[in-house]
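Here is the structure we will look at.
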Amino acid sequence: MEFIDPNVVDLSRFQFALTALYHFMFVPLTLGLTFMLAAMETVYVVTGRQIYKDMAQFWGKLFGINFAIGVATGITMEFEFGTNWSMYSHFFGDMFGTPLAIEGLMAFFMESTFVGLMFFGWDRLSKQAHLAITYLVALGSNLSALWILIANAGMNMPEGAHFDPETMRMQFESFVNLVFNPDAQAKFVHTSVAGYVSAAMFVMGISAFYLLRGQHRQFAARSFRMAALFGIISTVAVITLGDVLGRLDYEKQPTKIAAIEGLWHTSKPPFEPWILAALPDDAKQENHFEVGVPLVLTPLITHTFDQPITGMHELEDAAGPRIRSGIEAVSALRRYGVTHSDVDLALFTQHEQDMGYGLLAARHAPNQDVTNIPENQIDAVVKATQPDILPNVFVTFWSFRFMVFLSLWFFALFAISAYVSLKRRLEHNKLLLKLCMWSIPLPILATEFGWITAEAGRQPWTVFGWLPTFLSASSHGVSYMVFSLIGFVLLYSVFIAAELYLMFKFARLGPEHDSMEPHAQHDAPKPSAFDMHPTAS
Amino acid sequence: MTKLLRLAGLAVVLVVSLLFAVFVGDQGPWYFAWVIGTVMIILISGAGAIMLDAQSNLSSDEEI
């Protein structure tokens with residue numbers, strides 16, 4: 001086993017986290033805006049009213065800016081798996097590569113092909129054909145997210161694969177299990193709908209800006225109404241699927257759920273409080289203070305009133321035998337690689353499910369090799385490895401809370417906004433409009449916190465229970481990592497600056513200055529079943 | 001003939017939708033919920049906009 005510098009592992013983690021978080025500043029808007037555009041265009045096709053075409057075109061232009069930069073930031077991440085995570089790619093590439101390949105060949109190509117038709121096909125396609133194209137773009141962008149999240153779910157809850165001692169890697173076993181992995185299902189819907197929330201807040205906030213300035217009032221009122229209703233249902237869906245993910249983590253990733261809840265000791269149902277705020281201390285393995293709501297935690301996580309949630313200390317204790325068994329597995333596997341003896345294979349098979357814990361112990365073994373551990377030092381290595389099974393509690397705990405608190409804020413804001421819009425009192429509520437405007441970046445922030453919770457909470461594993469993160473990286477030098485990290489920071493910061501500049505510029509210009517489709521060329525309004533009186537739109 | 005073809009096309013869409021609902025609803029209930037939920041979100045937000053048109057048409061004031 002090759003020794004990997006821990007600094008390189010940390011830098012690789014930092015670089016991937018940075019590029020992923022940068023990338024995910026753009027993704028939610030793409031996921032949600034496409035379906036919002038589809039909704040606006042659907043109304044245009046059904047009613048024939050020009051204003052809805054204006055809306056689809058204007059918000060489509062902002063979508064286009066975001067889409068282009070989002071694609072550019074996403075491509076580098078796929079290369080990072082090969083350059084910075086070569087051991088991971090070897091170990092899990094069979095599983096991880098399949099959904100990524102399908103994503104590229106099916107979803108990304110579909111999305112990229114139809115997005116051109118969507119932008120340039122307004123005058124070349126019939127209304128119905130253009131609407132179909134818009135739906136295909138929306139479907140393509142969300143299918144793209146689906147395959148990425150299927151790949152990610154495999155890392156959190158490996159399904160549809162088995163470890164092959166001949167090839168020393170996870171082998172693809174079942175496509176159906178991979179696609180219908182419960183974690184993939186819940187995570188896809190949670191992430192996709194979080195994108196809807198981001199897009200709804202984006203449209204609602206910019207519409208609020210126009211209303212505050214008294215510009216484009218009819219345009220902004222309709223955009224605001226659609227976004228508020230789009231957002232309130234999406235927020236309910238995000239919270240529902242967040243609950244589903246919590247329940248799955250309770251069953252499959254108990255260390256993550258214990259860290260999320262700052263639960264050092266097993267809970268005492270049903271009175272265990274849900275901690276609203278605390279100061280988790282990873283070094284001392286305790287919370288310095290806690291403010292909680294009694295009776296909430298047990299039903300929230302377990303959906304019962306009597307099931308306990310295992311605490312981190314108890315999880316550490318339970319890991320001891322698995323680490324010992326894992327050391328046996330890795331040692332047997334190493335011998336089998338040389339001898340190909342049935343005895344070694346049988347011993348490995350007996351301890352196979354704990355192999356990852358044996359690899360985790362390698363950090364405390366001489367030369368990161370558990371076969372080098374002297375018999376009288378195994379207990380010490382096991383004891384030293386036990387705390388390693390826990391993620392960073394402070395980060396996981398607070399990123400989760402920021403996400404949840406922000407979600408509750410969105411729920412309140414969308415609900416009030418929808419109510420005020422339905423009562424047609426928007427322009428009398430300046431404070432609400434300002435809150436909507438200033439809340440534009442918050443859903444993006446919430447999705448970033450969501451990813452931090454999911455990924456930091458999975459630690460110390462890249463493939464949960466199978467492959468530790470510190471063994472997953474490539475054996476680069478520190479200087480290489482620092483150099484590429486600086487390059488990424490500079491490049492991606494330029495992307496963000498370009499996105500913000502263009503978004504501010506075109507949002508300020510507003511729909512009347514849409515050079516892509518000058519208003520002089522607009523179709524004449526056509527009467528429809530919804531026209532009770534002719535109106536100026 | 002066109003009507004017949006359209007009817008046949010719609011019947012095929014219906015059958016495919018039913019098969020999709022049965023299979024995905026059984027194997028991947030949250031995927032199915034996403035499909036239904038997204039359609040519902042689009043329809044409700046669209047209905048909200050159309051309702052605003054109707055409110056504007058029925059009212060003489062300039063409120064939005």
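Glycine too: its Cβ is placed from the backbone N, Cα and C atoms.
Feature annotation from TrEMBL assigns transmembrane segment to A:20-46 (among others).
Look at TrEMBL and you will find A:58-76 (among others) tagged as transmembrane segment.
The transmembrane segment annotation in TrEMBL covers A:96-120 (among others).
Feature annotation from TrEMBL assigns transmembrane segment to A:132-150 (among others).
Residues 27-33, 35-36, 59, 62, 142, 145, 219-221, 223-224, 226-228, 230-231, 234-235, 237-238, 241, 410, 413-414, 417, 426-427, 430, 432-434, 436-440, 442-444, 446-447, 450, 507, 510 of the same chain lie 6 or more positions beyond the ends of the transmembrane segment (A:193-212) yet place their CB under 8 Å from a CB of it. Positions annotated as transmembrane segment by TrEMBL: A:193-212 (among others).
According to TrEMBL, the feature transmembrane segment maps to A:224-242 (among others).
Annotated transmembrane segment per TrEMBL: A:398-420 (among others), in sequence order. Distant neighbours of the transmembrane segment (A:398-420): 197, 200-201, 204, 224-225, 228-229, 231-232, 235-236, 238-239, 242, 260, 276-277, 426, 429, 432, 435-436, 439, 442-443, 445-446, 449-450, 452-453, 456-457; these residues of the same chain sit at least 6 beyond its ends, with a Cβ under 8 Å from one of its Cβ atoms.
Proximity of distant same-chain residues to the transmembrane segment (A:432-452), defined by a Cβ-Cβ separation under 8 Å and at least 6 residues beyond the stretch ends, is recorded for 17, 20-21, 24-25, 27-29, 190-191, 194-195, 197-198, 201-202, 204-209, 211-212, 224, 395-396, 399-400, 402-403, 406-407, 409-410, 413, 416-417, 420, 426. The annotation transmembrane segment is assigned in TrEMBL to A:432-452 (among others).
Annotation source TrEMBL lists transmembrane segment at A:478-502 (among others).
Taken from TrEMBL, the feature compositional bias 'Basic and acidic residues' covers A:516-525.
The region 'Disordered' annotation in TrEMBL covers A:516-537.
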Contact set, same chain, for the transmembrane segment (A:20-46): CB under 8 Å, 6 or more residues outside the stretch: 52-53, 55-56, 59-60, 62-63, 66-67, 69-70, 73-74, 77, 118, 127-128, 130-131, 134-135, 137-138, 141-142, 145, 191-192, 194-200, 202-203, 223, 226-227, 230, 234, 443-444, 447-448, 451-452, 455, 488, 492, 495-496, 499, 528, 530
Long-range environment of the transmembrane segment (A:132-150) - Cβ separation under 8 angstroms, sequence gap at least 6: 27, 30-31, 34-35, 37-38, 41, 56, 67, 99-100, 102-103, 106-108, 110-112, 114-115, 117-118, 121, 125, 178-179, 181, 184, 187-188, 191-192, 195
